[in-house]
Amino acid sequence: MGRTIFLLISVVLVAYYIYIPLPDDIEEPWKIILGNTLLKLGGDLASFGELLGLNHFMDTVQLFMRFQVVPPTSDENVTVMETDFNSVPVRIYIPKRKSTTLRRGLFFIHGGGWCLGSAAYFMYDTLSRRTAHRLDAVVVSTDYGLAPKYHFPKQFEDVYHSLRWFLQEDILEKYGVDPRRVGVSGDSAGGNLTAAVTQQILQDPDVKIKLKVQALIYPALQALDMNVPSQQENSQYPLLTRSLLIRFWSEYFTTDRDLEKAMLLNQHVPVEFSHLLQFVNWSSLLPQRYKKGYFYKTPTPGSLELAQKYPGFTDVKACPLLANDSILHHLPMTYIITCQYDVLRDDGLMYVKRLQNTGVHVTHHHIEDGFHGALTLPGLKITYRMQNQYLNWLHKNL
């Protein structure tokens, strides 16, 4: 009898631990629940270790994610190599089939909340191989310094210097890339860095080669308003909750947990920077269907001292949605994927609107049954569907 009760209690506790609310139209929910449970377990262990003072939360999660790392092994379709671009590690994928013309080039930036991730992760290695083979393109997948060891602007600067190196005529010639067909792409935090470096590279007089396209996959684009409708509506959905998103943002700037606490309350933007809120005012930038009866409330003013200590969240290099229209107007053809069940959905939607308002050619794919991270999760139907949409657009436009 005692064993039966113990077993019953154990089953209930396990079920409670793994349960997450999922919308009815999410495909293959048990695969998502399993993946989310593994991430949740790793996160809880990391939190426990941090509570005991054993290790920083993100350092522990990085250790757990090491199982994702795969070697730069060439296959029957693609030659894979590793090198440095201006002291930044990159992994390069070159199709093996003969080409009589110069190939297009894609510079890819991985996600991971500026704290996790690597070009060597299985999910990014797989995507880069598929991209190189499918598009007959040279793919450069870049790494960059990660928090908590490094904070903004290190991540931006690493990616910027790496891309700038790639855009030299002699480097493109070395890898057989057509200088008229170079694009940049990234997912999540990589989408953030994609938008940021694309804006800044336009203003660099020493960079003569222009990017043809940029592709942003569920990008994080602003850290001023942490209570947009998608953050309220999707706050507990996998694989990125609102609390984890805010932890990533705050770690990007500092290990000082005071910033995280202020961001959780949406009370971190001081009055002195309130003029920037016009660029992220979802009440004027979101289509009506995504507002769903939410009422806009200006974020409660925060501490000027906090903003002065950690100015990154008011810097356009960290938050590309803060760029002036005069900058956005000159951006290249843009592709943006947003997902309905993603806390970052509204960042992407607002950027679509702002780019369209300034005359940029934008293709926007909204995945009605999509969620954060779906582009690179192995073995899911939605992953293949999203990758095909993404690669089809690149094939047509790059």
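Cβ from N, Cα, C; glycine included.
According to Swiss-Prot:
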- SER188: active site (ACT_SITE)
- ASP342: active site (ACT_SITE)
- HIS372: active site (ACT_SITE)
- CYS115-CYS339: disulfide bond (DISULFID)
- ASN77: N-linked glycosylation site (CARBOHYD)
- ASN192: N-linked glycosylation site (CARBOHYD)
- ASN281: N-linked glycosylation site (CARBOHYD)
- ASN324: N-linked glycosylation site (CARBOHYD)
- 27-398: topological domain 'Lumenal' (TOPO_DOM)
- 6-26: transmembrane segment (TRANSMEM)
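Here the features listed in Swiss-Prot are painted onto the structure.
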residue : record                      : contacts (Cβ under 8 Å, 6+ apart)
ASN77   : N-linked glycosylation site : PRO95, LYS96, ARG97, ARG129, ALA132, HIS133
CYS115  : disulfide bond              : MET58, VAL61, GLN62, LEU146, ALA147, PRO148, PHE248, GLU251, TYR252
SER188  : active site                 : GLY111, GLY112, GLY113, ILE217, TYR218, PRO219, ALA220, LEU240, LEU344, HIS372, GLY373
ASN192  : N-linked glycosylation site : TRP114, GLY186, PRO219, ALA220, LEU221, ALA318, PRO320
ASN281  : N-linked glycosylation site : TYR296
ASN324  : N-linked glycosylation site : none
CYS339  : disulfide bond              : TYR218, ARG345, HIS366, ILE367, GLY370, PHE371, HIS372, ALA374
ASP342  : active site                 : TYR218, SER230, ASN234, TYR237, LEU240, GLY370, PHE371, HIS372
### Task
Compute the average pLDDT of the predicted model within the topological domain 'Lumenal' (27-398).
96
### Task
Measure the Cβ-based neighbour count of HIS372 (active site), defined as the other Cβ atoms within 10 Å of its Cβ.
25
